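Novice: Feature list, courtesy of TrEMBL:
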- 1-18: signal peptide (SIGNAL)
- 73-95: transmembrane segment (TRANSMEM)
- 101-122: transmembrane segment (TRANSMEM)
- 214-236: transmembrane segment (TRANSMEM)
- 256-276: transmembrane segment (TRANSMEM)
- 296-317: transmembrane segment (TRANSMEM)
- 348-367: transmembrane segment (TRANSMEM)
- 379-400: transmembrane segment (TRANSMEM)
- 424-444: transmembrane segment (TRANSMEM)
Amino acid sequence: MVLLTMAVSVKVLKPTCANGVCNKATPSQIAFFYTSLYTIAVGAGGTKPNISTFGADQFDDFNPREKKLKVSFFNWWMFSSFTGALFATLGLVYIQENLGWGLGYGIPTVGLMVSLVIFYIGTPTYRHKARRTGHPASDLYRVLVDAFANRKLVLPSHSSELHEFDQQYYITTGKRRIHHTAIFRFLDKAAIKQERKDSEPRLCTVTQVEEAKLILGMTTIWLVTLIPSTIWAQIYTLFVKQGVTLDRHFGPNFQIPAASLGSFVTLSMLVSVPLYDRYFVPFMRKKTGNPRGITLLQRLGIGFVIQTFAIAIAYAVEVKRIDVIKVHQIQRSEEIVPMSIFYLLPQYVLLGIADVFNAIGMLEFFYDQSPEDMQSLGTTFFTSGIGVGNFLNSFLVNMVDKTTGRNGKKSWIGKNVNDSHLDYYYGFLLILSVLNLLAFFGASKKYIYKREAMETEEKCVQMEDKPLG
């Protein structure tokens, strides 16, 4: 952030301008600017997958009060994150457009410095989860290798005949034992009991095999979150391009920055989180008996359905905008369509409500279903899904633009959106959303939730004995 602030503030690092006309940036200026952006990306790669996991780790699963509080943690963690996003879309966007980019980037830079100080002050008071295995990723690799090596062996008729440590091992190590599941049975061959030489590595256990199954199962769910992430990317891309063409007046003298309309996603999300956590969850908890009110995958499914409705409304609004363009014979990109920007409001609000279900739901799902020592990997599923969704969005836009613009035809997504067919593209996204929704229902129906037990010297605690699905 320091580098980015310098890139827009220091004279030698930004293009020179005279009389409102700016020169093209030099190669060194472009290199410095992109270096700062990618440095931020590297830093975010270290914080985003870990910060929510680390926060959730502060709760003790075996303390009933803390376990109950942990159910709400991700709701309020995301609430805090979106509060910051609201300040960015309302305050910082206005500052950048009206007071300068240097101040607009400088404020969050100072904020990050303050956050860093607070983090280090709090370090002595944090709980740190002790890793109980040397290299969790190597165990996954071993399961795949052993399953392939034993591919010709016949699986025993009952899972109790597979290799697993006795209860005393789990009492001593404090590690959680995962119960056998019938999904991905080809991996069970890694735990087939057989004679091995002393120089060979130990047999894989049922728990290690189940950890590999969890990763594969989460991968199938991850794949069907990519299209919803692509839909979410429209908030700061095509929705903004639409908004720029519309009447943005709010009162006689104030114009709403098109990018600030994204704040309504945040606002609707901030209103919905307390309602969800304080009213919806307790109500559903009484109905279902599930501590979360509804299962993790049910939460995702509701969010995806709401998101599908949002893109359907976006399609309908774009059809309306094109009709207004035809009536007023608007052709140039700089012409304002006599239609209020607030027509876009329903799609933004619905996407905010959907986030309460699918964005927070995905974060909690991947954390909860990850193997015990790999929960940072679980939240990486969440952040990587958003990243891949954005890349997929760029790919789809470029593909559709090139395909529909061939042979001199009018592109669906041209530079001049007043002379394009965004309605066709939104219809295409709507079809993808419906197909993805069907794929999600199929994947969730086959998914088996993690069932694990923690052995202690005093007692045996069964965790998630009642499947959340």
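Cβ from N, Cα, C; glycine included.
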Novice: Under 8 angstroms for C-beta pairs, at least 3 of them, ignoring pairs fewer than 6 apart in sequence. Is the transmembrane segment (73-95) in contact with the transmembrane segment (348-367) by that rule?
Specialist: yes
Novice: Can you work out which residues elsewhere in the same chain, 6+ from the ends of the transmembrane segment (424-444), have a Cβ less than 8 Å from its Cβ atoms?
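Specialist: Contacts with the transmembrane segment (424-444): 220-221, 223-224, 227-228, 230-231, 234, 238, 297, 300-301, 304-305, 307-308, 311-312, 314-315, 318, 397, 400, 404, 412-413, 469.
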Novice: Which bits of the chain, at least 6 residues beyond where the transmembrane segment (348-367) starts or stops, bring a Cβ under 8 A of a Cβ in it?
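Specialist: Residues 52-53, 56, 74-75, 77-78, 82, 218, 221-222, 225, 228, 231-232, 235, 239, 261-262, 264-269, 272-273, 276, 296-297, 299-300, 302-304, 306-307, 309-310, 313, 375, 378-379, 381-382, 385 contact the transmembrane segment (348-367) from elsewhere in the chain.
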Novice: Residues sitting near the transmembrane segment (296-317): Cβ under 8 Å, six or more positions beyond its termini, same chain?
Specialist: 221, 225, 228, 231-232, 234, 239, 242, 343-344, 346-347, 350-351, 353-362, 364-365, 368-369, 423, 426-427, 429-430, 433-434, 436-437, 440-441, 444, 447, 449, 468-469
Novice: So which residues does the transmembrane segment (379-400) touch in its own chain, when a touch means Cβ under 8 Å and the partner is 6 or more beyond its ends?
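Specialist: Contacts of the transmembrane segment (379-400) (Cβ under 8 Å, skipping residues fewer than 6 from its ends): 48-50, 52-53, 218-219, 222, 225-230, 232-234, 237-238, 362-363, 366-367, 411-413, 425, 428.
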Novice: Using a Cβ cut-off under 8 Å, which residues of the same chain at least 6 positions beyond either end of the transmembrane segment (256-276) come close to it?
Specialist: 75-76, 78-79, 82-83, 85-86, 89-90, 93-94, 97, 235-236, 239-240, 243-244, 248-250, 341, 344-345, 348-353, 355-357, 360
